[in-house]
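According to TrEMBL, the transmembrane segment annotation covers 13-32, 52-71, 83-106, 127-146, 152-175, 182-206, 239-257, 278-303.
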Amino acid sequence: MSFNQQHFHWADYLVLLAMLVFSAGIGIYFRFTGGKQKTTEEYLLGDRNQKVLPVAISLMASFLSAIAILGTSAEMYMFGTQYLVVNLSYIICTPIACYLYIPVFFKLQATSAYEYLERRFGRTTRTAASFMYSFQVMVYTGVILYTPAMTLQVLTGLSVELSILLVGLVCVFYSTIGGIKAVIVTDVFQALLMFAAVFCIIISGMKAKGSVGNIWSIAQERGRIEFFNFSPDLTIRHTFWSLMCGGGLTFLSQFAVNQTQVQRYMTMKDVESAKKALWISTPFVVVFYAITGFAGLSIFAAYSDCDPITSGRIKLRDELVPLFVVESLGEYPGLAGLFVAGIFSAALSSVSATTNSLAAVTVEDYIKPLYM
């Protein structure tokens with residue numbers, strides 16, 4: 001693959017650098033304010049007095065990653081809108097997480113979500129579950145970091161290894177010195193950039209093909225609009241049933257019992273505040289997937305007469321969004337940088353969340369038991 005990398009202007013580098021510096025600065029701020037991260041309660045749980053809206057946005061940002069932006073857009077381009085039905089499962093499962101799971105963790109007042117397993121099934125079960133979570137986090141983090149690194153390589157020629165190192169260092173820096181307070185605040189900042197990145201794609205698509213109606217009409221004419229395929233055929237890529245079942249289980253595994261999200265609930269002063277945070281977070285997730293889906297349709301409309309994959313300009317569907325950014329935003333200094341900053345923000349929010357949670361389970365599940 002060879003894109004014209006001259007489209008990445010110095011202003012784009014400046015926008016990306018500003019995002020990284022600001023994120024690091026938030027960590028420094030929380031290191032030297034409040035309790036200065038000197039207690040486990042403050043470092044891992046934010047003194048249990050965090051506000052509802054920032055935590056709600058943090059729940060969303062830590063759930064979504066750069067994969068959501070690039071992958072969902074490519075999914076709409078290649079296969080259509082059926083995948084967006086997964087949002088219905090999120091809405092249906094929100095009250096299940098709120099009223100069946102969150103109260104259990106508040107009753108325990110646990111830092112580690114796996115403390116429940118020890119009380120119910122014994123120490124061995126808790127350790128095994130915690131170990132599996134730790135392993136999953138390490139693998140998942142690698143995937144999350146690769147996605148924005150690939151995008152930056154496409155746009156600038158910067159090596160994937162260097163991009164991963166840069167993002168990893170910034171993320172570990174502010175997560176380590178600022179604790180979960182810094183992670184939550186940076187999540188809010190980075191969530192704004194994530195939405196900005198998606199709107200960059202949509203606006204560029206509208207510039208190429210006109211109104212929202214035109215984009216929708218092109219997608220509909222080419223068979224990309226489908227929402228309620230009720231077929232029981234298990235060989236079909238997406239159906240209403242597979243998305244409801246798979247999406248519901250995914251949502252509950254993340255928002256009901258996952259350490260990353262449970263730890264955010266426990267930063268709240270009471271169970272009602274935690275429930276409010278999740279109720280607010282779910283619409284943010286749904287809206288983000290919806291606009292990301294439309295971004296994919298915008299790219300489809302822009303390339304409706306000349307598919308870059310069949311023409312051989314790119315080989316992988318993961319390269320669709322970077323190609324579109326190069327060709328549509330490159331002439332506007334700073335916009336390509338804003339898009340990349342949004343992609344990196346999505347990665348940072350997910351990685352910082354898992355890093356902080358991994359610290360929590362390491363202390364609570366591995367270290368503390370050695371001294372008890």
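Quick reminder: no glycine exception, Cβ is built from N, Cα and C everywhere.
All TrEMBL annotations are machine predictions without curation.
The model shown is predicted, which means the values in this text are computed figures rather than measured ones.
Scored by C-beta pairs under 8 angstroms, the transmembrane segment (278-303) has its highest count with 83-106, from the stretches 13-32, 83-106, 152-175.
Proximity of distant same-chain residues to the transmembrane segment (239-257), defined by a Cβ-Cβ separation under 8 Å and at least 6 residues beyond the stretch ends, is recorded for 59, 63, 82-83, 85-90, 92-94, 96-97, 100-102, 113, 228-233, 278, 281. Contact between the transmembrane segment (152-175) and the transmembrane segment (52-71) is not supported, since fewer than 3 Cβ pairs fall under 8 Å when only residues 6 or more apart in sequence are counted. A contact between the transmembrane segment (13-32) and the transmembrane segment (83-106) is absent, since fewer than 3 of their C-beta pairs, 6 or more residues apart, lie under 8 Å.
Beyond its flanks by at least six residues, the transmembrane segment (83-106) meets 72, 75-76, 113, 116, 227-228, 238, 240, 243-248, 251-252, 255-257, 262, 265-266, 270-271, 274-275, 278-279, 282, 285-286, 289-290, 293 of its own chain at Cβ-Cβ distances under 8 Å. Non-local neighbours of the transmembrane segment (182-206) in the same chain are 19, 22-23, 26-27, 29-31, 46, 50, 54-55, 57-58, 60-62, 64, 69, 73, 174-175, 212, 215, 264, 267, 284, 288, 291-292, 294-295, 297-299, 301-302, 321, 324-325, 328-329, 335, 338-343, 345-346, 348-349, 352-353, 356; each lies 6+ residues outside the stretch with a CB under 8 Å from one of its CB atoms.
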